Each structure stands twice: as structure tokens, then as C-alpha cells.
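Student: What TrEMBL records for this protein is below:
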| type | residues | note |
| --- | --- | --- |
| ACT_SITE | Lys12 | active site, charge relay system |
| ACT_SITE | Thr57 | active site, charge relay system |
| ACT_SITE | His253 | active site, charge relay system |
| BINDING | Thr57, Phe161, Arg178, Gln225, Asn251 | 5-hydroxyisourate binding site |
| BINDING | Thr57, Asp58, Phe161, Arg178, Gln225, Asn251 | urate binding site |
| BINDING | Thr57, Asn251 | O2 binding site |
Amino acid sequence: MTTVLGQNQYGKAEVRLVRVVRDTPRHSIRDLNVSIALSGELEATHLTGSNAQVLPTDTAKNTVYAFARDRGVGEPEDFAIELAGHFVTSQPTIHRARVRVEEYLWDRIEVTGAAADAPAHSFVRSGTEVRTCEILFDGTAHQAVSGLKELTVLNSTGSEFHGFVEDRYTTLRPATDRILATRVDARWRHAWTGGDDRPDFAASYAAAQRHLLEAFATTHSLSLQQTLYAMGRSVIRNLPGVDEIRLSLPNKHHFLVDLEPFGLENPGEVFHAADRPYGLIEGTVLREGAAQLLPTD
Ligand SMILES: O=c1[nH]c(=O)c2[nH]c(=O)[nH]c2[nH]1
């Protein structure tokens, strides 16, 4: 029996990096988790154990920290593009790099009544949302994907679910007024694949996040599927540089508690927030004519 080596990649996962910019007393920070995956001519190390073509993963980790010092971090996508370019162009046997970044967001702590020029070096983690990006570079073209996850949102009304299929196992009652809550996981692909017209990733992140939230808030929902499509459509319509968005939305069920045993009515006021199982609604929204390139699992 013979075997052959299939797809493979290697690199350093979850390099935790905090970069402080302290050129003035008003510091700023970026808090990242960077994962590098490299692929190319790596048969030898798998087949014979020869490491002559293996740049150590330890070096990949060091490169992240050295680049952070040398050139700063900036937007996660820009940092990832820089790193991916470095590995592919400096290593003759590395033909493809994938750099994933998670960014944990911090707000400045503003102190009431503090002098305007007071040193500002205190931060508080903002919300639960994590900003994400993934850059693929094959030496010629980039695929740039930005995203966010763990953005938890809730509508306390404006959500219905009825008219569904019923078979002998169906017990769900139709709902005309329910809580709709989800933890948004979204990834959107930029049309940009290289060249000078690189997107302003900070601005497009802020805009995408705003359109996701506004669409969630303003859609009267007949299903979470309908809300998903409205959220994705809003990003595609409002961000001309984005061709594709993939959303994964757990339906964080809130069940009305039966208070009748206590002689109490419950007109949509007291709920049990269940954590599992949960419905999981996933889908992609594309600009018409665009290719579907984001993974669907
Ligand atoms: O918005 C929903 N979509 C479903 O497909 C579904 N299924 C279910 O039991 N509840 C819901 N809610």
C-alpha cells in the first residue's frame, strides 16, 4: 500500500501580542491574537524528517513581535498583509501564507473632571465583540476577509415565528411576539485582491458593524433566517468594496415562563434564557455575480 502526503500547513497559532504606542502621554494599545499558517514545499519534513526547508514556528512567532516593534501594528488586516507577504517573499519554499488575527477591543477610561492634558494610559475592555481578519497570500493575489464574532444582540419584541412545517414530532407553538437574540459571527470578503487601492480597513470595519446592528434592530423578523439575509444585504449594499458576507447566528432561545401555577399572567415579560440546544442559522449573502469563496462550515 502506498500513501501520499495531502494538504498540509504549519505555523505558530495564537501569538498573543499587545502593542503599546507611547510616543505621547496619550497611549494607545492594540491587543491581538495572531495565527500564522504556511504551506509550500514541505514534503521532505513529513516524509523523511529533513527540516532543511522548515522555517521554525518559533521564528514565525518572533517575526510577529519584531514586526510589531519595527513597523507598528495598525489595522489587523494591514499587519496580516505585511506578515503574509514577508513569509512568502522571503522563503523560497513557502508559496502560501494564511494569517488570522483576532483583536480584543479596548476603550479609553475617561476620567470625569480630569485636566484635558492628563496622561491617558488607562483602558477598559469594550463589550464582548472580537474583531477578526484572515489574509491569504499566494505570492500574487490576496484574499482579505474581515469580520467580528461574539457580538451579542437582542430584540425584546418585533420578532415572530409561525407558519412553519408541522409533522408528528412538532410541538413548537407559533409565536407572534418573541425575543430574538443572537451572538453574531460574521466574515466579509473584500473585492480587493492586491494593488494600491487597498481598503481603509478601519472605516470598513466600523461601517460593517454599524450596518449589521442597524439591520438587526430595524428588521421586523418573521424568522432569524430573514434577519440574517437583511443583515448581510445591508453590508453588501452599503460597502461597495465587499462582495460576500457569511453569517453564523445561533438562535439564543428565550422561553416564556409559565406563571399560571402562581395565578400570574405573563404577557411577554418573564423569560427563561436557555443556553442549549440552540438553533443555528447560517448563510452567505453575495453581490450578484460575485463568487462564493468563504468557507461554509
Ligand atoms: O427564526 C427561527 N427560525 C427557525 O428555523 C426556527 N426553528 C425553530 O424551532 N425556531 C425557529 N426560529
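Glycine residues also receive a Cβ, built from the backbone N, Cα and C atoms like all the rest.
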Student: So the record assigns Thr57, Asp58, Phe161, Arg178, Gln225, Asn251 to urate. If I measure every Cα pair among those residues, what is the longest distance in angstrom, as a whole number?
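Tutor: Largest pairwise Cα separation, rounded: 52 Å.
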Student: Quick one: of the recorded positions Lys12, Thr57, Asp58, Phe161, Arg178, His253, flag those whose CB is under 6 Å from ligand 1, and say none if nothing qualifies.
Tutor: Phe161
Student: About how far apart, in whole Å, are the alpha carbons (Cα) of Asn251 (5-hydroxyisourate binding site) and Thr57 (active site, charge relay system)?
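Tutor: Each residue's Cα considered, Asn251 (5-hydroxyisourate binding site) and Thr57 (active site, charge relay system) end up 38 Å apart.
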Student: Taking Asp58 (urate binding site) as the reference, which of Lys12, Arg178, Gln225, His253 (the recorded positions) have a CA within 10 A of its CA?
Tutor: Lys12
Student: List which of the recorded positions Lys12, Phe161, Gln225, His253 have their Cα within 10 Å of the Cα of Thr57 (active site, charge relay system), in sequence order.
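Tutor: Cα filter at 10 Å returns Lys12.
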Student: Measuring Cα to Cα, how many Å separate Gln225 (5-hydroxyisourate binding site) from His253 (active site, charge relay system)?
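Tutor: Gln225 (5-hydroxyisourate binding site) and His253 (active site, charge relay system) have their Cα atoms 14 Å apart.
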Student: Which one is it: of the recorded positions Lys12, Phe161, Arg178, whose Cα lies the shortest distance from the Cα of His253 (active site, charge relay system)?
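Tutor: Its closest listed neighbour, by Cα, is Arg178.
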